[in-house]
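**Q** Quick one: structure below, then a few questions.
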Number of protein chains: 6
Amino acid sequence: MKDASFIQSLFSIFLLFSDTASVAADPNLLQDLCVADLNSTLRVNGFACKPTATVSEADFSYAGLATAGDTNSTVVGSKASAATVEKIPGLNTLGISMARVDYAPGGVNPPHTHSRATGIAFVLEGTLEVGFITTANKLISKTISAGEVFVFPRGLVHFQRNTGTTPAAALAAFNSQLPGTQSLALTLFTASPAVPEDVLEKAFQIGSNEVDKIKDRLHPK
Amino acid sequence: MKDASFIQSLFSIFLLFSDTASVAADPNLLQDLCVADLNSTLRVNGFACKPTATVSEADFSYAGLATAGDTNSTVVGSKASAATVEKIPGLNTLGISMARVDYAPGGVNPPHTHSRATGIAFVLEGTLEVGFITTANKLISKTISAGEVFVFPRGLVHFQRNTGTTPAAALAAFNSQLPGTQSLALTLFTASPAVPEDVLEKAFQIGSNEVDKIKDRLHPK
Amino acid sequence: MKDASFIQSLFSIFLLFSDTASVAADPNLLQDLCVADLNSTLRVNGFACKPTATVSEADFSYAGLATAGDTNSTVVGSKASAATVEKIPGLNTLGISMARVDYAPGGVNPPHTHSRATGIAFVLEGTLEVGFITTANKLISKTISAGEVFVFPRGLVHFQRNTGTTPAAALAAFNSQLPGTQSLALTLFTASPAVPEDVLEKAFQIGSNEVDKIKDRLHPK
Amino acid sequence: MKDASFIQSLFSIFLLFSDTASVAADPNLLQDLCVADLNSTLRVNGFACKPTATVSEADFSYAGLATAGDTNSTVVGSKASAATVEKIPGLNTLGISMARVDYAPGGVNPPHTHSRATGIAFVLEGTLEVGFITTANKLISKTISAGEVFVFPRGLVHFQRNTGTTPAAALAAFNSQLPGTQSLALTLFTASPAVPEDVLEKAFQIGSNEVDKIKDRLHPK
Amino acid sequence: MKDASFIQSLFSIFLLFSDTASVAADPNLLQDLCVADLNSTLRVNGFACKPTATVSEADFSYAGLATAGDTNSTVVGSKASAATVEKIPGLNTLGISMARVDYAPGGVNPPHTHSRATGIAFVLEGTLEVGFITTANKLISKTISAGEVFVFPRGLVHFQRNTGTTPAAALAAFNSQLPGTQSLALTLFTASPAVPEDVLEKAFQIGSNEVDKIKDRLHPK
Amino acid sequence: MKDASFIQSLFSIFLLFSDTASVAADPNLLQDLCVADLNSTLRVNGFACKPTATVSEADFSYAGLATAGDTNSTVVGSKASAATVEKIPGLNTLGISMARVDYAPGGVNPPHTHSRATGIAFVLEGTLEVGFITTANKLISKTISAGEVFVFPRGLVHFQRNTGTTPAAALAAFNSQLPGTQSLALTLFTASPAVPEDVLEKAFQIGSNEVDKIKDRLHPK
């Protein structure tokens, strides 16, 4: 009874930063600007630079975070939009990027990691319960409102959810040009090829029926 | 005819990030968390860490950016508020921080540098003309509105001004826990002890009367 | 009917690298040696250094990886032993560490991340199916035997399992003095305080009964 | 009555490191040598490497600092010569470079920043007043003579002037292959396109006549 | 009476990591994977990346360390095999690599440095005397057996020798994708062109006859 | 017949940078200044910082390179003087340092490595043959005169010798606050405790008599 488009939108959150890695301490720049040549077929660590003559102010700006994402389009009730080097080519070699997340009432940005970046989120509107878990398995969480910020240390599992009755939105910054995101339920249960069932059964101490049920619900039809 | 409190507020912008450094690629962390012990008398690169037992969610959040700064309090018509490791001790070793700048109509955040960080600004409200100058002396600038972002590469001189008829505000992120700021007119004309007059005269190709006039206007009485 | 000691041993794997972070590019050293003073009450990024006069060869060696871990003691059939800066104080500032993992036949090292390090594993004996998942949700996996190596890129979810009928063992190296580990099922379902149930229900698209069942099985009694 | 060639020479100082940035902590090398292929059309962070077979000792040496610059050619009475990766291709990926500055009696190297490097200067001959200003607006300065060294921390505004009655010269080293230089008066008053007049008026608290006068004097005719 | 093939094999140890550099703190990655395109004619710091579509699990594994090297083939009685980015293209940008060294009874891995990496060695079998010398000229050494590990800090001269009566083997990990090796006797006495004799005579306080004798013995005929 | 004081002076060159490490890419600074508190008993990576109130211009300058070292005092005919963080406390966290080397006619700065830094040398007077050896065992060398510069890549073995008939001097810069030096003949033949004779015999393919002779000549009596 799950709607495929719902599931697909769950994926759209997950894939936001895909084919990317994460940040935290990107290598330093070696010149003022090395604006990403996103069309180059050459691949290096990061991106090759556009010819200087073609660089303009458009390479350093982005309007894609101005409007709220459609939180009705996802099963988890949240929708993220990234502003990484893939959208702002001027970010190449500069070690920073942004994202916007919108949340329906009750909406959740499910537990995920950014392998290459610490994140810091500023609440644009609404009220969010936010938290991260340390490697000592301690949850550090707080409920924050519009104008408040919260920090998610590099690589640690974290989440947010809208505990209010109105929509919420947050602006996040990352100290990487491409922070990388692994939404953990999707990573574990929808990877392709699939993670061996036995690995999931042992990890969660569940049976194959339960593994299949989760896979079934999370996989886009 | 300059009001001393006006001048003082110009200083308050300048001193925001003072006694700090700049960002871009802070050293990597060596453990999950090293929450700054801001009261420690020990000084290291960054800050020593608080005992783990005293760490709480309060170390990772901050409410000080929630309200607009008083732009009437400054001669330049802008007011900045920082959220660096000095306000959010949990940022220590994590390589990121934030700031909020409010602008009266016509208000200017005067040309400055962050010696240790690239900045990226998101317009919360209003319309801003923003720009940076490369070491090849090329100005890259743009007018952006609410929801748009713009990038200021590490170490380069940059500025913003409110070109609208209503107040404006921006949220900036930096890839350093303490980005460092040098507001250039103040750095050059109000340092203590003073930069030698002859240096300023030769640099700007002006006479001592003109140097003194600028100093007089910028120095808090 | 789960034996508490079994569950506890699952925890012991998870906690191996706890209170640590992950690696990949630790900051560079500023002197030949800065041997960790593990007894110091001072906490900095990494560890303060012992007095030079007390440094000896014992600070650079470790015998704790010589014998196999007891794989019967865990529900997942694997047992890890770490050789990080916490065991080898000479590793402080040097950006590298090791671990040994033993696997019963069918044993699994469940999906986990190292937030601060890339890992590379060498099979000491037996046959292992090993794999990692990219942020584009692609599984890259292989079955390797004694003497073969496999790479797990920094921050990405990965696992191993013994597909043979005899015990297996692997030696892993990490490019951090303290790589940090989050065993994901345990992180999500056994953190303290608990991750909100609603977050887990939405993430895995399961009901509260199923969440409770997993928590029950994973939590040490 | 300003001579255009004089002004032009002021520019020549300013442009010395142009189209470059500065370093401080360039990324580490990944092989012994990656000699810059200065003729390559490919642009990456830094430079692509020449084929190994074409590398010679000439790539690691430079004679351009051997003779004094013509300090009569500039309005400020100083002349700088850079030995960055653009002159010594072997410096690529190695994180260091040099420059020589000559000063007529009374000559000034006007206030400037290196966005990517700390500098350290050794006085070859003569006597120099040298200084830098911290972000807390404190001037740290000293008069040094032949054989003495002084440090200019990364990103901070600094200057030198010849306080003697004979020519002076200094050799500077930077911890970047391309340190980047912004000579601040020129950056602010001669950028192209121009920094908005209103921004300069507010920053220096001067009128448009004064802004125009400075621009007029600093702009090459 | 020296057999040329013996000498050649001494060289084979020395050249193992040649045309490489060393590690310790390779620059951070900017995406999940940048698998080295070892066939590309383009040279950058490290390697350019293969197209994503051609990446497979084979890029992350290596079987070349599974079997012992032929220690009879060298005059020093040891034989090293490297598993760097040149063998495992997936290591590109990941900052780690491995090597295996086999030792005949009495065999020695002669004094050498890794310019870009700290090493950590795990004894696979046998007994080794291992040591490094600090810049204060202090030898830190120890005899270790199967299962024990020892650390060799970045850049410092170090060695191993088999003090047992049976073959020995060690697995080493480095925190660089290409650690670089300079086997010092060979570097000094067999470089091409030759290091000036006078330099060697003064360094070792020996005569030209003695220099020539060492050169003669170390140079492959 | 060797004079002990001669030998001792050979040592003085070798120990110049001792108890130090090497350079290349020191971690970035996290504030404007962290002037080394050289008297602190606390040891961290680098040095703890002095209280800000005690910082002065003296912390950033040094006069110790102004005069030539006594080249008669050494058997190799060269004498080095370092200006590292141990002499200029303001260099702490800034990633740069300097040294001066004086050479008698025919004097040699014997083959050595800097484990943590690339070096770049500027000839102050005289003529020097300078060179480094790559890990592919290729010597890259050149004869340079006053005013010329040459680069020595991080970690690689290098040397200089005065090929002229008059004294020579060079000023070197390093991209580390404490570059670390291992003068190789001394490291191998005079370490304490001694490197096992068997290791040296096998490395240089010489007998124990020859090892003892070199040790005898290099060891201070």
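Glycine residues also receive a Cβ, built from the backbone N, Cα and C atoms like all the rest.
Whatever TrEMBL says is automated annotation, not expert-curated.
According to TrEMBL, the protein carries these features:
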BINDING   D:Asn109, D:His114  oxalate binding site
BINDING   D:His112, D:His114, D:His158  Mn(2+) binding site
DISULFID  D:Cys34-D:Cys49  disulfide bond
DOMAIN    D:73-212  domain 'Cupin type-1'
SIGNAL    D:1-25  signal peptide
**Q** Given the Mn(2+) site residues D:His112, D:His114, D:His158, which other residues of that chain have a Cβ within 8 Å of the mean position of their Cβ atoms, reported in sequence order?
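**A** After dropping the recorded site residues, what remains is D:Pro111, D:Thr113, D:Gly119, D:Phe132, D:Phe152, D:Leu156, D:Val157, D:Phe159, D:Thr181, D:Gln182.
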**Q** Looking only at the domain 'Cupin type-1' (D:73-212), how are its residues distributed among DSSP helix, strand and coil?
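**A** For that range the per-state counts are 24 helix, 60 strand, 56 coil.
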**Q** Which value does the mean pLDDT take for the domain 'Cupin type-1' (D:73-212) in this predicted structure?
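**A** The predicted confidence over the domain 'Cupin type-1' (D:73-212), as a mean pLDDT, is 97.
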**Q** Should D:Cys49 (disulfide bond) be counted as helix, strand, or coil on the basis of DSSP?
**A** strand
**Q** How long is the line from the C-alpha of D:Asn109 (oxalate binding site) to the C-alpha of D:His158 (Mn(2+) binding site), rounded to the nearest angstrom?
**A** 9
**Q** Among all the protein chains here, how many other CB atoms are within 10 A of the CB of D:His158 (Mn(2+) binding site)?
**A** 24
**Q** Within a 10 Å radius of its Cβ, which of these binding-site residues (D:His112, D:His114) has the fewest neighbouring Cβ atoms?
**A** D:His112
**Q** Can you count the other CB atoms that lie within 10 A of the CB of D:Asn109 (oxalate binding site)?
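**A** A 10 Å sphere around the Cβ of D:Asn109 (oxalate binding site) contains 29 other Cβ atoms.
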**Q** Do you know offhand how many angstrom separate D:Cys49 (disulfide bond) and D:His112 (Mn(2+) binding site) by C-alpha?
**A** 31
**Q** Hey, which of the disulfide-bonded residues D:Cys34, D:Cys49 is the loneliest by Cβ count within 10 Å?
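**A** Comparing Cβ neighbours within 10 Å for the disulfide-bonded residues D:Cys34, D:Cys49, D:Cys49 has the fewest.
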**Q** What Cα-Cα separation, expressed in whole Å, is found between D:His112 (Mn(2+) binding site) and D:Cys34 (disulfide bond)?
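**A** Cα-Cα, rounded: 30 Å.
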**Q** Can you tell me the CA-to-CA distance separating D:His114 (oxalate binding site) and D:Cys34 (disulfide bond), as a whole number of Å?
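**A** Between the Cα atoms of D:His114 (oxalate binding site) and D:Cys34 (disulfide bond), the distance comes to 24 Å.
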**Q** Checking interface proximity: list the recorded positions among D:Cys34, D:Cys49, D:Asn109 whose CB sits under 8 Å from a chain E CB, in sequence order.
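**A** Going by the Cβ criterion (under 8 Å to chain E), the qualifying recorded positions are D:Cys34, D:Cys49.
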